[in-house]
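One structure is given below, encoded as structure tokens.
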Amino acid sequence: MAGSGLSDALAVGEISPRTVWAAAQDIACDPEHAPAAEKFMSELLWRDFAWSLLIEAPWMESKTWNPRFVGFPWREVREDLTAWQRGQTGEPLVDAGMRELFVTGRMHNRARMAAASYLTKHLLIDWRAGLDWFADTLMDWDPASNATNWQWVAGSGPDASPFFRIFNPATQAEKFDPDGVYRRRWLYGWQGSKSDGARAFFDAAPRSWGLDPSRGYDLRPIIGLAEGRLRALAAFEQV
């Protein structure tokens, strides 16, 4: 699970997307690296697409794009949202991503998608709650990408992922973190992990959260993945 590490610089204008695009094009000329370079370039295109949407529809940061979702039955369960924010859901990939976010202000893109899908689908919590948390915590926060990506995951945005497409965080972890390297880096006590990054989360978290690393990582999932999927599909049928 690697990334370019350029999102911060792009977000604050430290580097031009045209400069990054030109460099990626050069790399794409090498057949060995072309697939990765082309995938990276598609992410740059998605970033520009997001900005074109926000310029034309600045309200999309707070209002659903698809009118079908105006009356969607989101759950307002503060304890579930708090558990998600603090990396305490009991789903290792989601929790690893949320802890990385709180410690570093960054989160791997694959973990972002898993965490966002888990919040909006398995927990049925309004995408705007996730958008606000990311806006508060991401160092590479970008208003256009933030709004577009959250609505895409929730299924309410333009050209969005269908609502019935629900990321399974366990499957995503098996596919993209098969050896558990990413999860051990950020989950203290998971598979015996005592990494500096995992320990740093407890140093960064406010004392008011009452977290104790000596308890390890033995969290009961908020909801079973199969149960959460069925609940989400049932909610979508009401739209």
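Yeah, the Cβs are placed from backbone N, Cα and C, and that goes for glycine too.
Per TrEMBL, the feature FAD binding site maps to F40, D140, W141, D142. Look at TrEMBL and you will find 40-238 tagged as domain 'Cryptochrome/DNA photolyase FAD-binding'. According to TrEMBL, the feature site 'Electron transfer via tryptophanyl radical' maps to W74, W127, W150.
Around W74 (site 'Electron transfer via tryptophanyl radical'), a 10 Å sphere centred on its CB holds 17 further CB atoms from the protein chains shown. Of the recorded residues, W141 (FAD binding site) and W150 (site 'Electron transfer via tryptophanyl radical') place their C-alpha atoms 12 Å from one another. Non-local contacts of F40 (FAD binding site) by the CB criterion (under 8 A, 6+ apart in sequence, same chain) comprise S4, A24. Around W127 (site 'Electron transfer via tryptophanyl radical'), the same-chain residues at least 6 positions away in sequence with a Cβ under 8 Å from its Cβ are A116, L119, T120, W150, Q151, V153, A154, S156.
The number of other CB atoms found within 10 A of the CB of W150 (site 'Electron transfer via tryptophanyl radical'), across every protein chain shown, is 25. Summarised as a single figure, the pLDDT of the domain 'Cryptochrome/DNA photolyase FAD-binding' (40-238) averages 94.
The Cβ of D140 (FAD binding site) has S7, D8, L10, A11, G105, R106 as same-chain neighbours under 8 Å, each 6 or more residues away in sequence. Put simply, D142 (FAD binding site) is 25 Å from W74 (site 'Electron transfer via tryptophanyl radical') when counted between their Cα atoms.
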